[in-house]
Amino acid sequence: MNRQSWLLNLSLLKTHPAFRAVFIARFISILSLGLLGVAIPVQIQMMTHSTWQVGLSVTLTGASMFVGLMVGGVLADRYERKRLILLARGTCGVGFVGLCLNALLPEPSLAAIYLLGIWDGFFASLGVTALLAATPALVGRENLMQAGAITMLTVRLGSVISPMIGGLLLATGGVAWNFGLAAAGTFITTLTLLRLPQLPPPPQPREHPLRSLLAGLTFLCRSPLIGGIALLGGLLTMASAVRVLYPALAGSWQMSAGQIGLLYAAIPLGAALGALDQRPAGPDGAAGRADAGDHGGIVCRHCAVQPDAALGVGRAVPGAVWLAERY
């Protein structure tokens, strides 16, 4: 009897050149955004010594990313996706350049950091949505599960590596190096994506963008599996908001900039190790229950350092286990 491999199958990267280009571009994009995620909180903490200001910047950037994801989904269904991807990546790179130039000023502008963070969050997420929408056309629907696993591994590994690189850059050259390298990485992704074929939107009846968004939200609410996963993901993200305190804690604990990067990389490292496990959920749902249990452990660790999150998250874990057993 053949045994199912637990390791990720990377053969799509060899057999599909266009998907390989997307893989490289997305990995570099995650690295660039990770550098941004380390540099902006540290820079604002150094300028203001206020965790509230750090939290505000993260909130604004996250809100712009949410809007960018929604807008990107609507645009990807209406316009040629390669052009949309290149436009989003190039525009995002301009924002990184602006952050780099602002960091080089004798007195950097706090307002510019907020505005450019919103700018980069919006266009980066818009481009990511278009890339994800193009994946079925690049690999075929029969390979979507494998492509999704590779994509998730890309995100996890990039999320681990980029904070460590960002911390080392902070220790050696300051935040300007982080922004400069992020800008360079973004423009490299733009060159990589020039190799993509034309990606026209799928033929479908045109409808108002707001109606499309409403249809998506309706589907989310009517699907207990997808809706439950989205809810649990949102709660996990809320629980991980403790990371906005890392720059302030680093000062109190007298940590070096490199150690700050390791602190940011700790949680994504565990997620990356979990992403290497590609076991399918069998009829008994064993893999699904194991995944739900793993996520429950992560939630418990978050709640240990953030008790306010325990009330909402604690009620979500039994629901996740129920979803895994049922589906």
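Glycine is no exception: its Cβ is also placed from the backbone N, Cα and C atoms.
TrEMBL does not curate its annotations; it predicts them automatically.
Annotation comment: TrEMBL describes 18-327 as domain 'Major facilitator superfamily (MFS) profile'.
Residues annotated as transmembrane segment in TrEMBL: 21-42 (among others).
TrEMBL lists 54-74 (among others) with the feature transmembrane segment.
The feature transmembrane segment is assigned by TrEMBL to 86-105 (among others). Using a Cβ-Cβ cut-off under 8 Å and counting only residues 6 or more beyond its ends in the same chain, the transmembrane segment (86-105) has close neighbours at 25, 29, 32, 36, 39-40, 43, 72, 112-113, 116-117, 119-120, 123-124, 126-127, 130, 174-176, 179-180, 182-183, 186-187, 189-190, 193-194.
The transmembrane segment annotation in TrEMBL covers 111-135 (among others). Here the transmembrane segment (111-135) has Cβ contacts under 8 Å with residues 19, 22, 25-26, 29, 33, 36, 40, 43-44, 56-57, 60-69, 71-73, 75-77, 81-82, 84-85, 88-89, 91-92, 95-96, 98-99, 102, 144, 147-148, 151, 196, 199 of the same chain, all six or more residues outside its ends.
Feature annotation from TrEMBL assigns transmembrane segment to 147-169 (among others).
Marked as transmembrane segment by TrEMBL: 214-236 (among others).
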With the cut-off at Cβ under 8 Å and a gap of six or more residues from its ends, the chain residues touching the transmembrane segment (54-74) are 40-41, 44-45, 48, 84, 88, 113-114, 117-130, 133, 209, 212-213, 216, 241, 244, 247-248
